Amino acid sequence: MNLFLLLLALFSVLPGSWARCFCKVTGSLDDCACDVETIDNFNNRNLFTKLQKLLSSDYFRFYKVNLNNPCPFWTDSGHCGLRDCAVKPCTANEVPEGLKSNTLVSVLTLLLFVLFSDETRQALLEWNRHDDEADRFCMHDDEDSPHAQYVDLLLNPERYTGYKGPEAWQIWNSIYEENCFKPYTVQRPLNPLVSSSRKGFYRWLEGLCVEKRAFYRLVSGLHASINVHLSARYLLADSWFERKWGHNVTEFQLRFDEELTKGEGPKRLRNLYFLYLIELRALAKVLPFFERPSFNLYTGQPEQDRENKELLLGLLHMAKSFPLHFDETTLFAGDKKEAAKLKDDFKLTFKNISRIMDCVGCFKCRLWGKLQTQGLGTALKILFSEKQIETLPQSSSSKPSFQLNRQEIVSLFNAFGRYNPIINTR
């Protein structure tokens, strides 16, 4: 049974815990024409089941990631030694042959470079790197690195691992304090479970431009999603004869209850809806990329690959039919020079956040943090590549004006899949 269907069952038994958190999450969302109820109805009736089926397929469940990158910002105090922080990578036999053949193609490409001179090879590498990274909003792992490994996401679920305390708080405080356009005069407590003592903590957002407000709300929504998952799959009992995972209502209330968070909890959940809306818009806009006859969800299983592409296209057409999409043209729409600089700042700041994920001491948390930041970064890349997507060639013989690699595709849909079941509990 899906995790959040279980969560719904729990809160139907304890309605007060859930109702106090969600009673304020109604009506219109800020900076867009959509409302919470429309999102609820659309997701529950049209998207939830299709997406969960798609994410269980081989193409989307195997994610290649490097969990051994060093922290680029501060001295790492060491990795979490708790057993639930560990990630179990796939063996060679567990990875579908089609996915392994993609790696082989990369190796052969590198071998061909031997035929070129040093100058030509370096020029090709720089050209390819610039061409590939110019529109990215996050850092990507090198899939050809010997440290990159395939991970089965279904066998390494996002859940509470015991990773907490100052080291975990440092991650989120570095994100909020240094990478969310927040004025230094606005204080945020070190412990994220402690609400701001200042009643006007969110008032500073009102003075920001719409782009910076959107950025903060996306990060807050991502944080809320992670906290909901950790509260829903919490280690309740750990002994030599039993390990029991379940719903920690107290932990959920500490993060989202209106009274306990002095009004911040419902705002965090509203930001989760905003995040969902942004990624839903990206799915609608990227449809032409996946509609091309030359694109395949290749795993080496022709019938399953064909069925999965049909399922994917049906899902994207449904996403496109949503009646109240976020209008991304309201972003970066002012003076062209100022808008371009703001967009570059936006992109650079989010890249920093994606790099901070390599500072997470818990490997399980690092895995899901990297995947979800990459998924959101891919969604932002799509939103601001409209012209490139519109001019995509239908033939694979021409160099496309817009590209998504498999890592981006898997992270995009799995990240959206993190918010999709939360909305489904409503």
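Cβ from N, Cα, C; glycine included.
Reviewing CYS71, CYS80, the cysteine that TrEMBL connects to CYS85 via a disulfide bond turns out to be CYS80. Listed in sequence order, the residues of the same chain lying 6 or more apart from CYS362 (active site, nucleophile) and placing their CB within less than 8 Å of its CB are HIS79, CYS80, LEU82, CYS85, THR161, TYR163, ALA168.
Sequence-distant neighbours of ARG159 (FAD binding site) (same chain, 6+ apart, CB under 8 A from its CB) are ASP84, HIS229, LEU230, ALA232, ARG233, TYR234, LEU235, TRP245, LYS364.
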